[in-house]
Amino acid sequence: MDNNEKEKSKSELLVVTGLSGAGKSLVIQCLEDMGYFCVDNLPPVLLPKFVELMEQGNPSLRKVAIAIDLRGKELFNSLVAVVDKVKSEIDVIIDVMFLEASTEKLISRYKETRRAHPLMEQGKRSLINAINDEREHLSQIRSIANFVIDTTKLSPKELKERIRRYYEDEEFETFTINVTSFGFKHGIQMDADLVFDVRFLPNPYYVVDLRPLTGLDKDVYNYVMKWKETEIFFEKLTDLLDFMIPGYKKEGKSQLVIAIGCTGGQHRSVALAERLGNYLNEVFEYNVYVHHRDAHIESGEKK
């Protein structure tokens with residue numbers, strides 16, 4: 001195993017810290033969506049024990065992000081020493097990300113959320129004094145950070161995009177597309193981002209031999225696909241999705257749910273969901289899953 005392969009096999013730990021109100025919670029949420037195992041507000045003294053667990057090779061702990069802030073002020077003072085100890089003694093890749101913002105911006109954010117700064121709770125002081133005290137206390141950990149991000153002029157979306165550029169693992173694609181078929185008469189797919197109604201297509205229900213089957217059966221699938229209307233629809237649908245899906249991912253979504261509905265969710269929607277799932281698997285390097293919610297609900301009513 002060469003040096004590059006050894007580095008790739010190591011577990012990775014990202015310590016996220018910085019000024020209160022600078023965006024740590026948003027960063028942790030983003031990292032979690034990217035496949036990181038996330039821990040919020042771990043006391044620094046427990047960091048070496050936690051890293052020892054990572055060294056044991058648990059797959060779920062291959063990429064870990066830990067948020068540490070100044071709420072435990074006395075414990076926080078040991079963070080720099082603990083990080084140095086971990087780097088020198090334990091075979092884990094460790095980075096420190098420090099988030100900060102201007103005092104004016106932090107004051108504005110606290111006014112918007114109406115939350116108290118953690119250092120205001122430890123004594124009767126103004127918000128601006130609490131922010132200045134925190135900035136001073138965190139200066140040492142800031143000095144050893146691998147990444148310092150000033151979020152003053154970053155929107156939540158822009159901050160997420162920056163985090164993804166820094167830390168997204170190209171070998172671990174977390175964006176997932178779920179394609180599901182459903183029947184309108186059983187209720188719409190509530191978690192869908194996109195819903196397409198295919199009740200305008202010729203219905204296999206009216207072919208006696210096809211009625212008890214589903215779109216998973218070859219005869220039903222071929223029946224649905226043989227119509228010119230189906231081909232035109234599928235071409236327009238895939239053209240639309242080819243345009244939209246990269247935009248959804250760029251926007252920061254970790255999952256896209258595409259629902260295709262017919263009357264009962266047994267024939268047309270099932271066949272088209274299968275075809276769409278196969279198409280998306282071929283075109284995109286994302287995780288694509290196909291699910292048929294109502295395909296096997298037995299009913300004597302029109303499907």
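The backbone N, Cα and C atoms fix where each Cβ goes, and this holds for glycine too.
According to its DSSP assignment, S20 (ATP binding site) is coil. Long-range Cβ contacts of S20 (ATP binding site) within its own chain (separation 6+, distance under 8 Å): D69, L70, L106, H117, P118, L119, I131, E134. According to Swiss-Prot, the feature ATP binding site maps to G18, L19, S20, G21, A22, G23, K24, S25, an assignment based on sequence analysis.
DSSP classifies L70 (GTP binding site) as coil under the three-state reduction. The GTP binding site feature in Swiss-Prot is assigned to D69, L70, R71, G72.
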Quiz question: given the binding-site residues G18, G21, which has the greatest number of C-beta atoms lying within 10 angstroms of its own C-beta?
G18
If you count the C-beta atoms lying within 10 Å of each candidate's C-beta, which of the binding-site residues L19, A22, G23, S25, D69 ends up with the smallest number?
S25
So for K24 (ATP binding site), how many other CB atoms are inside 10 Å of its CB?
22
Using the Cβ center of G18, L19, S20, G21, A22, G23, K24, S25 as the ATP site position, which other residues in that chain lie within 8 Å, going by their Cβ?
D69, L99, E100, A101, T151
Once the chains shown are all counted, how many other Cβ atoms turn up within 10 Å of the Cβ of L70 (GTP binding site)?
23
